[in-house]
Amino acid sequence: MYFNFVKEQSEVAKMKIGFVGAGRVGSTIAFTCLQQLDVEEIALVDIMENLAIGEAMDLAHAAAGLGKYPEIVGGSDYSILEGSDIVVVTAGSARKPGMSRLDLAMKNAGIIKDVARKIMESSPESKILVITNPVDLMTYVMWKESGKSRNEVFGMGNMLDSMRLKRTLHELGVKNINKAWILGEHGDSMFISRTLIDAENVPELEKVLSEVRFVAAEVIKRKGATFYGPAIAAYRMINAVLNNTKEEMPASVILKGEFGFSDVSVGVPAIIGKNGVEKIVEYPLDPQDMENLRNSVKLLKERLKELGY
């Protein structure tokens, strides 16, 4: 069963976004894309069918207010993802009190394995953007279980971290923040790239990093979840694919020799376009950046081993 607002037949090529997970993050990303992009179709899949249907209805009403009438579908059947240019995966559990990082990773890895299989059955040609945490690990699991080319599966993590960094630096009066990027794991081992930012002009760099690491927890403590920031970060990546902007941004991508590492998904600079990850940009990182990246890769590989990879 699913709900469908059907747009009148159009002669133009369709641009379709699929979502697996219609909760607060997934639905807010869908709403942001509806506002910012000329999308012909949106499909929302969720294990809670009524939630997906309700979000589809609400989005369709919102679209009419913008003078837009895309086809919007909601349901629990993955077949509605067919023909998606990109599928955004937010499905998974949030970390609960008393739950270790490994507990969360193992639970969500099981979900991602199932999602990967169903996406490949319903929309095998789509690019896949992974939002589910821990995102670096889940991006790797999605890549392995889907069997897709490594350029077609990527994760969001450091894009959001970098947005938080830019806001913090702006408040400190730092001007040149275009490439103020967080790299590495989307987690405790993340780091501010000293290679790409003028570190001499950034006051209290370690204090800034600490604030960026823990600001999400502060937001969650106050309002229960983060979704506006993730929505904009995801939109930027989705737009890059759908409109082939070839924008350079930090993303969790599968490495195969880049920066000296392989068989891991971790946050590094990448160019995103219609083919997904068009290119991984191998800046000559300074020794501190390389050591930090090496530490992230080591931690992620240890966790992948615990997950059986």
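Each residue, glycine too, has its Cβ placed from N, Cα and C.
Taken straight from TrEMBL:
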- HIS186: active site, proton acceptor (ACT_SITE)
- GLY21, ALA22, GLY23, ARG24, VAL25, GLY26, ASP46, ASN108, ILE131, THR132, ASN133: NAD(+) binding site (BINDING)
- ARG95, ARG101, ASN133, ARG164: substrate binding site (BINDING)
- 15-155: domain 'Lactate/malate dehydrogenase N-terminal' (DOMAIN)
- 160-306: domain 'Lactate/malate dehydrogenase C-terminal' (DOMAIN)
Would you mind reading off the Cα separation of ARG101 (substrate binding site) from ASN133 (NAD(+) binding site), to the nearest angstrom?
10
Please report the three-state DSSP label of GLY21 (NAD(+) binding site).
coil
Local confidence of the prediction over the domain 'Lactate/malate dehydrogenase C-terminal' (160-306), expressed as mean pLDDT:
94
Should ARG164 (substrate binding site) be counted as helix, strand, or coil on the basis of DSSP?
helix
Recorded positions listed as ARG164, HIS186, least Cβ neighbours within 10 Å:
ARG164
Spatially speaking, which of the recorded positions ARG95, ARG164, HIS186 is closest to VAL25 (NAD(+) binding site)? Use C-alpha to C-alpha, please.
ARG95
If one measures from the C-alpha of ARG95 (substrate binding site) to the C-alpha of ASN133 (NAD(+) binding site), what distance in angstrom results, rounded to a whole number?
9
Which of GLY21, GLY23 (the binding-site residues) has the most other Cβ atoms within 10 Å?
GLY21
Write out the long-range same-chain contacts of ASN133 (NAD(+) binding site), meaning residues 6 or more apart in sequence whose Cβ is under 8 Å from its Cβ.
GLY92, ALA94, ARG95, LEU104, ASN108, HIS186
